[in-house]
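So the structure is just underneath, and the comments pick up after that.
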């Protein structure tokens, strides 16, 4: 059969399928998996025997596992914007959808997650099918999509929000997310990616001078680029995406006062790859694929990653270990082995008070192992030699009762789906009280941004530190010996270089004069992605990330870092500066810009973001809006372009929609993508800026259009609400 005939036959087969199995949307949350039966006898047998579910609740537990997962959203972004978005949700969208009935299903009013701070996380019983297809929810759906693309809302599973909360992040903290990219166990966001930078940016008075930063790592090169795409929504100079095997992520160096020092992190998030049986409510194929072998195969990797995490942790630092698995082999067994290896260097701490209102089960201290053929083993001594390659001693509870009791494994937290209508999850919080037995030198965690304690240098930069061999007394016991070393391997695309500019670089004088940058502007933090030719884009990183980049270029593979602050626009050269401001970097740059700042009114903001003003050659500017002190609205800075008698906002489409909502205007698009439903205020807004439209002499000129830039950002022509900025 030829290719054309095969394609025709396949189409006929698809058309002949039952109506309920043709479409992902028709399957609701079980999209694409309608043929999968939500039964797994081995799963039920295993968890009944382990008794992780309270007596009398197992049937309720299984019933909850078969139910669709509630839709959950989390509000992120700058604090002032987060408050405004929360106000919009409560006062507009939640009221509009309250008590609706769609396809026979009553839509419950969204409820705030009781344990999440400041009412910034909400859940509802709406399925994806209803949310996407119902005309009554179309505006709400557009709002969620638009604000998600702008980085102000994250649609993320509730339990994935827990680990970052338990990290207790402060603005000066150096943070490592070991397995950050989405797609490992689920298609949702990394638990840390939005929340960690949100905490950093919410408290920083100066982004570029702060000690705090996030290094987000993942082993999969392709997923790293998805991580970059999500990180770009945050517009933060304090994030770096790297590509390494987390179990041997390299030890990095910093330079302070001319001396090289080992970088130890104040916080480590260790959300390891797992079997994912806690995600059965949304990842329906887990029902079919789950066996006990999954957890047994992953245990060793999980332990290696956790060990590497605590090695990189500063004394006094905090590491959160989490999985979306309920299996004690992947959960308590890893924590128990880690505590045993640490010989008192780690403490498993209580985290109940950190999340008031969260229902969970304490960790267990006794468990057994089961093979996929139903064979049970209670301890290592029962395991036949033939199975020693699949089953390891660290998978069992410690046999010493006194040692087991001292570990306080009950301080672990296991979230069961039927207790608060969530997915299944496991989390444990560890604090490092002393160096690991095989580490010789170590720093202490900084107590404040201003006070830097001494950090001792370490000569070894291999994946595992070399153990001292000068004395038998220093030889570590088998329990404290770290997992074997693994050679670092680099995969994927070869990245463009990160090239920092010098203070004498010829690009600075015209920029300095045009924008009248303040003397404190950190020129050394500016970088580009090419050694030769014209610089197309300029990026900025924080002071500490610059330190990391300059001292570790040979040790790590950096995929992306920095926020774009300027883009080349050759039309500006005749006015003295070839670089226009980039909206994504405006909050980083604005504190240093002393010229070309225009204060606009609320009506000006509405007109600028909804109307197309002529684009002529007068140069890039900052548009500043400051609300009345008694108004609930937040301050806004926008990039613009000044013509002879008019001004145009230079803002990407989704950010335009976001800022319009911040000032009380909604631009709704029908299914054909046409603007509709614009408020009367926006239509009637007439100011000097609005009146100046159409009075330009000569024609209009669109900004130059380019494709993907050297740092991975896509750009599009300015047209309609799209503006002229990079998306």
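Each residue, glycine too, has its Cβ placed from N, Cα and C.
Straight from TrEMBL, the features:
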- 1-29: region 'Disordered' (REGION)
- 14-25: compositional bias 'Basic and acidic residues' (COMPBIAS)
- 218, 245, 271: S-adenosyl-L-methionine binding site (BINDING)
- 324: active site, nucleophile (ACT_SITE)
- 449-483: region 'Disordered' (REGION)
- 671-727: region 'Disordered' (REGION)
The residue listed as 'active site, nucleophile' and residue 218 (S-adenosyl-L-methionine binding site), distance between Cα atoms, whole Å: 17
Whole-number Å value for how far residue 245 (S-adenosyl-L-methionine binding site) lies from the residue listed as 'active site, nucleophile' (Cα to Cα): 20
Sparsest-packed among the binding-site residues, when each Cβ's other Cβ atoms within 10 Å are tallied, from 218, 245, 271: 245
Number of other Cβ atoms within 10 Å of the Cβ of residue 324 (active site, nucleophile) across all protein chains: 30
Taking residues 218, 245, 271, which bind S-adenosyl-L-methionine in the record, the widest Cα spacing (Å, whole number): 14
